[in-house]
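S.K.: Below you will find the structure I want to go over with you.
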Amino acid sequence: MTTIWQRALHPLGPVGAQGLSQAANLAAQLALIAFMGKTRFADLGLGLMTAATICFISEIGLGTYFLRESARSEQWLDSWRQSVGSRLIVAATAAALAWAALAWGAPNPGAARLVLLAAIPGVLISAVNPTPLLFGLDKVRTASGGILLRFAIQSAGGVAIALAWPHHAEIGVGLAFSAGIVAQVLVGQMAGLPILALAPRRPRTVPPKAALRLWGLSLVGTINDRALPFVIGNAHPEILSAALIGLQILQTLVGIGTQMDRLLIPAVARGERSQDAQATWRRLHMPLLLLILPVIAATPVASTFFMPGWELAAFIFALEWASVVIGTLAFALAFARGGEKRVAYFMLVAVPLSTVAQVFLGGRVPLELILALRLIVAAFVGWLASRCVAALVNDTARA
């Protein structure tokens with residue numbers, strides 16, 4: 001195993017830290033279900049998912065962008081401060097839209113909105129989340145430690161408050177969400193980042209094209225992912241709690257696997273490992289098969305216990321998940337070498353159209369048909385991203 005893989009899989013590496021963090025997060029949510037019941041957790045979980053989604057959307061592609069920029073140039077502070085200003089604007093706008101969306105998709109909008117309201121401080125503070133800077137500056141252990149600390153506070157704190165003050169669990173879980181992000185920002189300051197990194201500046205220009213393209217992809221992909229629980233909650237509220245846990249488990253596995261780009265992109269930006277796109281893609285083939293096939297087989301089996309009668313829907317979603325895993329990893333490799341434009345432009349058109357169709361058809365057609373539509377789009381994106389990596393390999397060979 002190469003050094004870059006060893007660093008990634010270490011408990012204080014991006015993959016190891018993300019895996020441990022998500023395991024703690026899942027354990028906390030299962031504890032909340034056991035304590036609060038499925039019905040109440042559905043609203044709490046939807047509120048938490050919404051807050052996390054706003055944080056992700058408000059990155060507007062700048063998280064990945066600064067992985068590269070902080071690695072290859074020391075002149076990143078001014079553009080970072082401008083990006084903080086842009087992210088605050090996007091976060092505030094997204095929070096207002098999410099507030100309205102919860103009225104449509106949450107079984108009890110008031111409870112879900114309480115969670116979001118208490119999480120708003122964390123949502124806004126996430127604009128100065130130092131994680132991409134720390135990874136770009138090769139402070140891998142510190143950045144990973146910040147991830148672990150954030151999720152430890154959010155998970156343990158949320159459960160503790162819910163147990164101590166059950167009538168105020170929604171507010172308590174939202175406050176724990178905010179506290180975890182504050183702790184992560186403080187880790188960046190303790191690591192020596194300049195205090196001005198916390199100070200936003202009025203954006204003088206729009207973000208760079210590469211960042212905007214990444215943001216567009218993050219936006220359409222995240223909305224597509226998060227639309228499914230809303231569609232399920234609106235049409236089939238009786239399975240929403242189980243579906244939320246299942247979706248989180250599978251999407252978490254995608255997120256854990258894609259943490260490799262936090263090491264690969266800065267390494268390429270610094271001129272290291274110029275053949276990594278080709279070599280890494282080869283090494284990923286067998287691990288991908290070992291990960292994907294058991295999950296595809298296990299998902300419908302698990303559905304028979306937690307969502308009986310929905311085995312076909314679970315199987316289709318597992319196939320979509322597998323396509324997303326392949327496409328996400330291939331896209332990261334293509335982006336590291338600047339070859340992602342073709343798949344990016346396709347996603348910017350196809351994914352929003354698919355999302356609109358899902359929302360329109362939700363409750364009008366069987367859930368299996370909506371999942372089949374998602375599968376078709378995800379499978380084509382995965383194939384196209386793989387072709388982009390193959391083109392990079394061919395370019396390398398010709399060079």
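For all residues, glycine too, the Cβ spot is worked out from N, Cα and C.
Those TrEMBL annotations? Automatic predictions, nothing curated.
Under the heading transmembrane segment, TrEMBL lists 44-67, 88-106, 112-135, 147-165, 171-199, 288-306, 312-336, 343-363, 369-393.
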S.K.: Determine which residues of the chain contact the transmembrane segment (88-106) at the Cβ level, with the cut-off under 8 Å and only residues 6 or more beyond its ends counted.
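M.R.: Answer is 42-43, 46-47, 50, 53-55, 57-58, 60, 112-113, 116, 120, 123-124, 126-127, 200, 229-231, 233-234.
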S.K.: Out of 147-165, 288-306, 343-363, 369-393, which stretch touches the transmembrane segment (312-336) the most, going by CB pairs under 8 Å?
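M.R.: It is 369-393 that shares the most Cβ pairs under 8 Å with the transmembrane segment (312-336).
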S.K.: Compare 112-135, 147-165, 171-199, 343-363 by their Cβ pairs under 8 Å to the transmembrane segment (369-393) and return the stretch that comes out on top.
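M.R.: Checked against 112-135, 147-165, 171-199, 343-363; highest Cβ contact count belongs to 343-363.
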S.K.: Between the transmembrane segment (288-306) and the transmembrane segment (171-199), do 3 or more CB pairs sit under 8 angstroms, pairs being 6 or more residues apart?
M.R.: no
S.K.: Can you tell me which parts of the same chain pack against the transmembrane segment (112-135), counting only residues 6+ beyond its ends and a CB-CB cutoff under 8 A?
M.R.: 14, 43-44, 46-48, 50-51, 54-55, 58, 62-67, 70, 76, 80, 84, 87-88, 91-92, 95, 98-99, 102, 106, 142-143, 146-147, 170-175, 177-182, 184-185, 187-189, 191, 193, 197-198, 200, 262-263, 266
